[in-house]
Amino acid sequence: MCMSSLSLFNLLKWLREERQSRKLILFIVFVALLLDNMLLTVVVPIIPSYLYNLDETADAVLANSTASQQDPPGAFHSIVSLYDNTVRLSGANATAGPAGLAPTTTAASALPKNSSSSSDCPQANSRLLNENVKVGMLFASKATVQLITNPFIGPLTNRWVIGYQLPIFVGFCIMFLSTIMFAFSSSYALLFLARSLQGVGSSCSSVAGMGMLASVYTNDEERGHAIGIALGGLALGVLVGPPFGSVMYEFVGKTAPFLILAFLAVFDGALQLFVLQPAKVEPESQKGTPLLTLMKDPYILIAAGSICFGNMAIAMMEPTLPIWMMETMCARKWQLGVAFLPASISYLIGTNIFGTLAHKMGRWLCALIGMVVVGISVICVPFAKDIYGLIIPNFGVGFAIGMVDSSMMPIMGYLVDLRHVSVYGSVYAIADVAFCMGFALGPSIGGSVAESIGFPWLMTIIGVVDIFFAPLCLFLRNPPGQEEKIAILSDTNCSMKTMSYSTQGTHYQGENMEPEYDDYD
């Protein structure tokens, strides 16, 4: 008891001493992105199968009700269980047939021909095709709401409003509520609401988190490395989410994975509350460039377009690949999530490798190669005949998207330093808008296209789009900037006015100011 109390005291003491550490702030952003993207992807293997079973059960109940109205008195009646979707017989005349055979009855006709109780491989009927649209719209709702929210969150972090601490904590609270709703929702409408609510929380966390990192890591190379680590949290969430969700759904149930995520979210919220102290509002030191001005910058638009179209490829696969696997591979529930495992692992590898390497080889070149590899990989996905055939193309998709994200996220901050005022909330709102456009348009358009012309053509179209967009990254090779800023950024010995993040106060360094330094690890 004494040892545990001493350990807790030492932990609190360490947190209090390290409160101003950049590493601890990086860890908080890492965990926030991890939880956000675990919740984003844990539903990928669960929702298609869950909604299919809901529709199948509803059809069976309707068919049973119709048959019961048409049957004469004393006929057999079917009872449909909402838990295992099997049909049992009841009635006064329910007796065994001759030689122990089952009684002759028409009740079995109340069960749909493609019932999941008879096969793990649903037939390619209109109901299964309609699932593409329903699942796509549900998945796209989060990104759509986040797309709408981002332009408001970015400017809120300017000097005249609230800074970064409060938005990231509000984001945690909203995502916790969304997770609880996912756990206990049993209808399409409630699941849609939970997914949409997650978009608001994700907007707060991602925009404020990236802006906070850019403001603490003012050196371009260090910033790239830090953002690469933070994107590792995103990658880890994408990595763990689908297999975690599919295995838990198969063997425990729908509620369990979301309750575990809710518990982890409480830990992250407590850490934010103690370290960031969101009640203390600390605005930025200077007013940033207006959002509309940044959106007119062609170089920022090219970087944002790379993020959008690169991630749109995997976003189109999320709702359509599981349904295509159910139709062509007779895939089991756990396989629907495990199929995304190679992409998740390779994304984690890519973001960690190119977070540092992209600065040396040129971020424009890294993004260009990544876009081409994404296009080639998604075109190869429909050629898979079983789950093992998906390993190589999915690995290529994840690795290439990791190259694009780890290159373009730091370059967004660099473009603001080079061409605008070094306040990062709005530019990372644009980056998040681009990310969300990919995940909003991807599932919604992808589901409809897959229903109309098929999954293989869908992958071909997005692959060709990525390949044709790639050459635009050449413009990011040497973007023009303000002359005085070019001199500052190119001269490492030149004193540049920066903002050092602190939960206790904001300190400034510059030519005409007395420098104050925080002790960072």
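Think of each number as a place in line: the chain as shown, counted from 1.
Using N, Cα and C of the backbone, Cβ positions are placed for all residues, glycine too.
Taken from TrEMBL as is:
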- 24-47: transmembrane segment (TRANSMEM)
- 25-481: domain 'Major facilitator superfamily (MFS) profile' (DOMAIN)
- 168-193: transmembrane segment (TRANSMEM)
- 226-244: transmembrane segment (TRANSMEM)
- 256-276: transmembrane segment (TRANSMEM)
- 297-316: transmembrane segment (TRANSMEM)
- 336-357: transmembrane segment (TRANSMEM)
- 364-384: transmembrane segment (TRANSMEM)
- 390-416: transmembrane segment (TRANSMEM)
- 423-442: transmembrane segment (TRANSMEM)
- 454-476: transmembrane segment (TRANSMEM)
*Residue numbers, six or more beyond the limits of the transmembrane segment (390-416), whose CB comes under 8 Å of its CB atoms*: 210, 214, 220, 223-224, 227-228, 231, 234-235, 289, 294, 297, 299-300, 303-304, 306-307, 310-311, 313-314, 317, 339-351, 353-355, 358-359, 363-364, 366-367, 369-374, 376-378, 380-381, 383-384, 422-424, 427-428, 430-431, 476, 479
*Residue list, the transmembrane segment (256-276) vs rest of chain: Cβ under 8 Å, 6 or more residues beyond ends.*
15, 19, 24-25, 28, 31-32, 35, 38-39, 42, 46, 165, 168-169, 172-173, 175-176, 179-180, 182-183, 244-245, 248-249, 503
_Applying the under-8 angstroms CB criterion, which one of 297-316, 336-357, 364-384, 454-476 scores highest with the transmembrane segment (226-244)?_
336-357
*Near the transmembrane segment (454-476), which same-chain residues lie under 8 Å Cβ to Cβ, leaving out any that are not at least 6 residues past its ends?*
298-299, 302-303, 305-306, 309-310, 312-313, 316-317, 320-321, 324, 363-365, 367-368, 371-372, 374-379, 381-382, 411, 442, 446
